[in-house]
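Report on one structure; see the data block that follows.
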Amino acid sequence: MKIAILSRDGTLYSCKRLREAAMKRGHLVEILDPLSCYMNISPAASSIHYKGRQLPHFDAVIPRIGSAITFYGTAALRQFEMLGSYPLNESVAITRARDKLRSLQLLARQGIDLPVTGIAHSPDDTSDLIDMVGGAPLVVKLVEGTQGIGVVLAETRQAAESVIDAFRGLNAHILVQEYIKEARGRDIRCLVVGDEVVAAIERRAKEGDFRSNLHRGGMASIASITPREREIAIKAAQTMGLDVAGVDILRAERGPLVMEVNASPGLEGVEKTTGVDIAGRMIQWIERHATPEFCLKTGG
């Protein structure tokens with residue numbers, strides 16, 4: 001097969017591993033910067049171009065689109081989809097998962113347990129919002145934040161009010177969530193491919209922090225997950241419509257709680273911690289699903 005990887009930086013670990021895994025299985029691979037793709041959108045001659053040339057048909061496209069370029073990156077991916085390429089994560093699923101508020105609403109509708117979450121626009125509702133999530137300590141999150149950026153633990157009610165007011169002063173969209181104290185700065189990252197959790201790690205926050213993101217200096221170890229955690233991770237990914245997802249779960253006294261569903265999970269931390277060939281599993285999923293029937297169905 002001919003596979004395109006959409007990424008701004010082909011030297012990143014995940015891109016290199018996906019390229020390596022695909023080539024090892026006999027596929028042709030090209031890494032394309034989505035911001036250098038441009039499109040002709042017309043009924044008779046839709047096409048996609050790259051650095052002065054019209055791109056050929058790709059059997060499959062692997063999106064590695066960062067949150068900063070979600071709008072244009074998913075537009076480029078959507079054009080590949082329209083031309084019959086199989087996407088490992090559809091554009092609509094990526095945009096759904098990137099919207100933190102929408103994704104939490106969808107997960108809640110499916111009965112998937114979450115930390116109690118509140119959102120309000122008016123400053124008049126701040127007090128009720130804090131009460132809604134159980135009072136302080138609580139977590140304030142930027143809706144647009146990633147990798148632990150824009151996440152603040154407010155230890156007291158006064159601190160919570162100050163943080164919320166400060167974010168509002170910047171015209172930022174925020175969520176307020178209950179603080180799961182018993183998680184002790186730990187969470188479980190489940191890597192889902194299709195209908196299977198192929199690997200899971202426990203992430204631990206560095207000393208003095210409560211954010212367990214590896215990008216923030218957190219540590220990782222292999223996690224043994226329960227059947228319930230496995231079921232919830234798969235259901236969360238499927239609710240977003242994602243073939244590949246990193247599902248972050250907090251272990252609370254009342255049971256596992258989904259914190260976030262990541263549409264473009266990094267492979268380095270999970271592969272190096274567990275030894276699982278996740279890139280290979282992703283390519284195998286493409287091989288099973290990027291069929292001629294798919295191309296006919298989508299008009300390719």
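Cβ atoms here come from the backbone N, Cα and C positions, even for glycine.
Annotation comment: Swiss-Prot describes 104-287 as domain 'ATP-grasp', evidence class sequence analysis.
Annotation source Swiss-Prot lists ATP binding site at LYS141, GLU178, TYR179, ASP187, ARG211, SER212, ASN213, citing sequence analysis. Reduced to three states, the DSSP call for ASP187 (ATP binding site) is strand.
Taken from Swiss-Prot, the feature Mg(2+) 1 binding site applies to ASP248, GLU260, supported by sequence analysis. In three-state terms derived from DSSP, GLU260 (Mg(2+) 1 binding site) belongs to an extended strand segment. The C-beta environment of GLU260 (Mg(2+) 1 binding site), restricted to residues of the same chain at least 6 apart in sequence and closer than 8 Å, consists of LYS100, SER103, VAL247, ASP248.
Annotation note: ASP248 (Mg(2+) 1 binding site) sits in a strand segment as assigned by DSSP. Summarising the annotation, Swiss-Prot assigns Mn(2+) 1 binding site to ASP248, GLU260.
The Cβ neighbour count for ASN262 (Mg(2+) 2 binding site), using a 10 Å radius and every protein chain shown, is 21. The Mg(2+) 2 binding site annotation in Swiss-Prot covers GLU260, ASN262, and the record cites sequence analysis as its basis.
The Mn(2+) 2 binding site feature in Swiss-Prot is assigned to GLU260, ASN262; the stated evidence is sequence analysis.
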What is the interatomic distance between the Cα atoms of ASP187 (ATP binding site) and ASN262 (Mg(2+) 2 binding site), given in whole Å?
14
Quick one: pull the CA-CA distance for ASN262 (Mg(2+) 2 binding site) versus LYS141 (ATP binding site), whole Å only.
16
What is the average pLDDT across the domain 'ATP-grasp' (104-287)?
91
